[in-house]
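> The feature transmembrane segment is assigned by TrEMBL to 6-27, 71-90, 96-115, 122-140, 146-167, 188-221, 227-244. What TrEMBL lists as domain 'Prepilin peptidase A24 N-terminal' is 10-89. Taken from TrEMBL, the feature domain 'Prepilin type IV endopeptidase peptidase' applies to 104-216.
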Amino acid sequence: MENNALLWGIFGAVLGSFCASFVSRICEKKPLFARRSFCFSCEKKLEILELVPIFSYLFLKGRCKTCKSQIPLSAFLSEIFGIFLIYLALFCAKSFKEFLALGVFLFVCFSLSLIDLRLKAVPNFLLWIAFFCACLLKILENHLNVFDFFIDAFMFAGFIFLLKSFILFLKNFKKQELEENLGDADIILLAAFAGVFGFMGAFYVLFIAAFLSLPFFYFAFKKGEKELAFLPFISLAMCVYLVVGRVF
């Protein structure tokens, strides 16, 4: 698979572009599969040359060819990040089947992160797709030993739920209002990580995610914001854990 690095890079950019478009349709409540790609400002269908990842954004200078409205920078960055994700899957997978399962899992987590950044909430169907992709990945790694996946996933989900409840209790001990500190979506995704990486592996992912989120949490707190999308940090922490685990 490594011999076709350029083709895989192009494929990663295409998947990154697809994720960005898919997320925009969910956030803007547009039909998911009814129409081909279109401009969200003038709603004109994009031509073939406008669909070329990375280069179309550069040649069009980040603007729609028809209405000249600004194309979000996130669309361009998603294509770049898609290349990174496909190479990460190639780097970590031991077989083509594992590569497919890990690739789908990474891109679903990426889509969840983009949605969480925009809506501070994620659709359940994507969340459970990620969970069962993680389950499939564990089956491919351990030759149908799915029992360990659910044991680790349930144990970590229970641990995080108790930790969340206890922190919430301490935080609101003298307050009347209730504020969530970790969403159910975060718990389900962390449980999926626990099923694949083990209990301690998921704990390391959570620790890395918390560490990465600290400066962003500080600036959000200074601005008076009470919520911070945490799924992007969890997904990024998973990528860090995969790279470090593969190298060392």
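Numbering starts at 1 and runs along the chain as displayed.
Every residue gets a Cβ built from N, Cα and C, even glycine.
Caution: TrEMBL annotation is automatic and unverified by curators.
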> Pull the DSSP breakdown for the domain 'Prepilin type IV endopeptidase peptidase' (104-216) and write it out as helix, strand, coil residue counts.
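Reading the DSSP string over the domain 'Prepilin type IV endopeptidase peptidase' (104-216) gives 92 helix, 0 strand, 21 coil.
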> Over the domain 'Prepilin type IV endopeptidase peptidase' (104-216), work out the mean pLDDT and round it to an integer.
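Across the residues of the domain 'Prepilin type IV endopeptidase peptidase' (104-216) the model's pLDDT averages 85 on the 0 to 100 scale.
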> Under an 8 Å Cβ to Cβ limit, what residues of the same chain, 6 or more beyond the ends of the transmembrane segment (96-115), are close to it?
1, 15-16, 19-20, 22-23, 26-27, 74, 78, 81-82, 85-86, 88-90, 121-123, 126-127, 129-130, 133-134, 136-137, 140-141, 185, 189, 229, 231-232, 234-236, 238-239
> Which sequence-distant residues neighbour the transmembrane segment (122-140)? Criterion: at least 6 residues beyond either end, Cβ under 8 Å.
26, 95, 97-98, 101-102, 104-105, 108-109, 111-112, 115-116, 146, 148-150, 153, 185, 188-189, 191-193, 195-196, 231
> Check for me, if you would, whether the transmembrane segment (146-167) reaches the transmembrane segment (71-90) - at least 3 Cβ pairs under 8 Å, residues 6 or more apart in sequence.
no
> Cβ under 8 Å, sequence separation of at least 6 from the ends of the transmembrane segment (71-90): give me the contacting residues as numbers and ranges.
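Residues 1-2, 5, 8-9, 11-17, 19-21, 24, 53-54, 57, 60, 62-64, 99, 102-103, 106-107, 110, 114, 239, 242-243 contact the transmembrane segment (71-90) from elsewhere in the chain.
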> From the DSSP assignment alone, can you count helix, strand and coil residues within the domain 'Prepilin peptidase A24 N-terminal' (10-89)?
44 helix, 4 strand, 32 coil
